[in-house]
Amino acid sequence: MTAEEVDKESDPAIEDVKSDYDAIELGNENENENEVVSLDSMKAVISRASSELKHENDQGEERDLGSVEKDPILERYHAACKQGDMKTLREMVESKVIDLSNDYDPKERVSGLHWACINNRLSAVKYLAGAGAEVNFKGGELDATPLHWASKSGLVYIVDELLKAGADPNITDSQGYNLLHTSVFSSNIMLVIYVLFFVVDGKEDVDQPDPHQRTALQWATYQADALTVENLLKFNADVKNADDAGFTALHWGTVKGSIPVMDLLIKHGSDFFQTTNDGKNCFTIGKELYSIGSLEASLYKNGFDKNGFPLPQYFSASTGKMLTFFLPWVLIPLVFYIFSKITFFIALLINTIVLVISGLVLSRLVVPSYLLSKRHPILNSPLLAGILSGTIAIAFFIWFTKISILTFTEKPVGNIIMLGFFIGLITLFIGLMKSDPGYIPGTVDHDKVRETIKELLSLGKFDAKHFCVHTWIRIPLRSKYDRDSACLISAFDHFCPWVYNQIGLLNHKLFYMFVVLLEISVWWFLPLMMEYFDELEDYLENRKGKHFGDCHFLGDEDLCFGLHHDTFNFLLLCWVIFQAFWVLCLIAVQTVQMLKGVTDYEFVQINKKLKSNGTTTEDIFSSTPPELMSEELIAELDAPALDPRQVPQRTCFTVCCTLLGLDKLVTMIKSVLRLKSDEPSSRSSHLSALARIPTDYGWKQNLKDFWLLPDTSSPLWRRILLPPKDSHALLNGMEVDYYTLYTLPNATEELV
């Protein structure tokens, strides 16, 4: 990379703004020459940006024409700085071959420290700064310091070292950009967070503008960088600041059409009716740039209609959730009743109408009272939990009012046990819905955050894999961030819509006990229902004088009798058995994962890496210098990017499979077969390392870790049956704190 190329990266939005403008003008010309959209509010920005860009290009051409051959000694020195060749660097500096106060070409004015910084050569930067290189030297066409060069490339470790060496973060380049601006240009959230905590916090103004009155927040919104926007807003960046064209952050967000960014800005009070200098609000800009759909979606998520007015709210959030939860308690018996009383096809038509109307009422009137999202609203509502609980409640009601009365004489023990099962199911279900899955509290103590950042920098692990950019804490092993609760969840397993809760460290044992008890209860309920049909037939024949002929349509006389003479309970039995099949799939997956010592989330991630040959779509924002990189990080960064075309698209069928757990069952079977295969693997060594399960300590130890509490003074039955009360649990037989779990017990290498 030449100095010219580095400098031309100075204003990342110049070409993008120009492209946006050209595209909209071209589109309007093609549609109707008389209806050219006016974007006067942006022309000033574009004109200025274009002239700056033209000026840079003209300068570059003039320099190329007038360039002379460079000093070979200086060339060798700069090459050593770029490559981090410490031996050559020391020889040239200590032998006085290179004068650090004059180590640049007079035409380029780019020092060796500049080159070491932009190439992420931490050792070279430390050496040069310690040897007396000027850390605030302004070089290149834009009079940028090494700090500017490093920050534009998102190099956190280099920025940290330069600041330690006395670099001034308040210096601006010739375009008027300070350290915060250039850090935002990099779109590296780790650098932005570092600058916010070590430079801005309590010292500088987070809204310090550039010469065109654009703040860091406005640049971040134009770049559609939701993570940077989120963190700037946490530092109280002003959403209402306008640049010299009258554009606020939301105006720039509308230009790019990023829903997450606009969502954040609207949540923090952005005025979508505020106009630019030529009188255009966000709605006008959205229509001109075809981003109006994204703006309307962002407004909807914040409770506004497409015109920016508050949506009508018919219920409070708690009432809406209650209605959603209890609706299946009414619909399930109603559907069964209609099928049991009316001819099948007419009943099917009526039930379809009932369900469609109920769905429309639910989605239009009820769900928006607590959930303003058009993406999988059913999965994120308590509806499925209502279906499961409603099924249990109806089954209990039928058992208590009909089955137990007719069958208690013949099966007293079975009915008493069934009562115990119902009590256990209801208790566990309520407990699961209200349980804490293991939320790890974040922090707002800036001193603690700075300590965490310093620690991770010293370990070479300050990236999004080890530091949570949302909660500002170090990420423990086996945890995952949950957007709904805005917390990390320890030993995260999965989100279960059937209990309307996340499953993690503190409730995973309860969840497994619940699904196993649910499966046992279904198969215990089946013979009681069969006995009920038999007793009902005898009762009607003996007491009512009715006679029923033989029926073998279903291969069982009792079932056939239930179909024809107690259709409601027959349909209930079929519905309950259907539930048992998907629960059985879930138990199978959970059991295998328990034996392997892995959570569902970890299991899915392992198999994604296996399926994609180690590729990943996740950006961990790592700028770790080569000398601090671990083998694991090198392998992860070297893996090729995943082709988006290889990512399976979600369809209605895949969503249904997800709800029933069938996708997990198929994945588990394929993964077990792959892991058990004796065929030679064609994968590289780093990929085979990704495929291993680091928490698999053998099935016996894995079972002990899952079921036993670490408190050895408690009775064994309490250790087995009770869930953890805090973050302490067993791992490889050792007590660990999952809130601060950064290494695995007896692990041969540090994984976090």
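We count from 1, first residue shown onward.
In case you wondered, yes, glycine gets a Cβ from its N, Cα and C as well.
Here's what Swiss-Prot has on this protein:
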DOMAIN    466-516  domain 'DHHC'
REGION    1-21  region 'Disordered'
REGION    49-68  region 'Disordered'
REPEAT    72-102  repeat 'ANK 1'
TOPO_DOM  1-318  topological domain 'Cytoplasmic'
TOPO_DOM  363-380  topological domain 'Cytoplasmic'
TOPO_DOM  402-412  topological domain 'Lumenal'
TOPO_DOM  434-509  topological domain 'Cytoplasmic'
TOPO_DOM  531-567  topological domain 'Lumenal'
TOPO_DOM  589-752  topological domain 'Cytoplasmic'
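Using a Cβ-Cβ cut-off under 8 Å and counting only residues 6 or more beyond its ends in the same chain, the topological domain 'Lumenal' (402-412) has close neighbours at 418-419, 527-529, 531-532, 535-536, 539, 569.
If you look at the topological domain 'Cytoplasmic' (363-380), the same-chain residues 6 or more away from its ends with a CB under 8 A from one of its CBs are 297, 300-303, 311, 313-321, 323-324, 484, 497, 655, 659. Per-residue confidence over the topological domain 'Lumenal' (402-412) averages out at a pLDDT of 94. DSSP labels the residues of the domain 'DHHC' (466-516) in these numbers: 9 helix, 14 strand, 28 coil.
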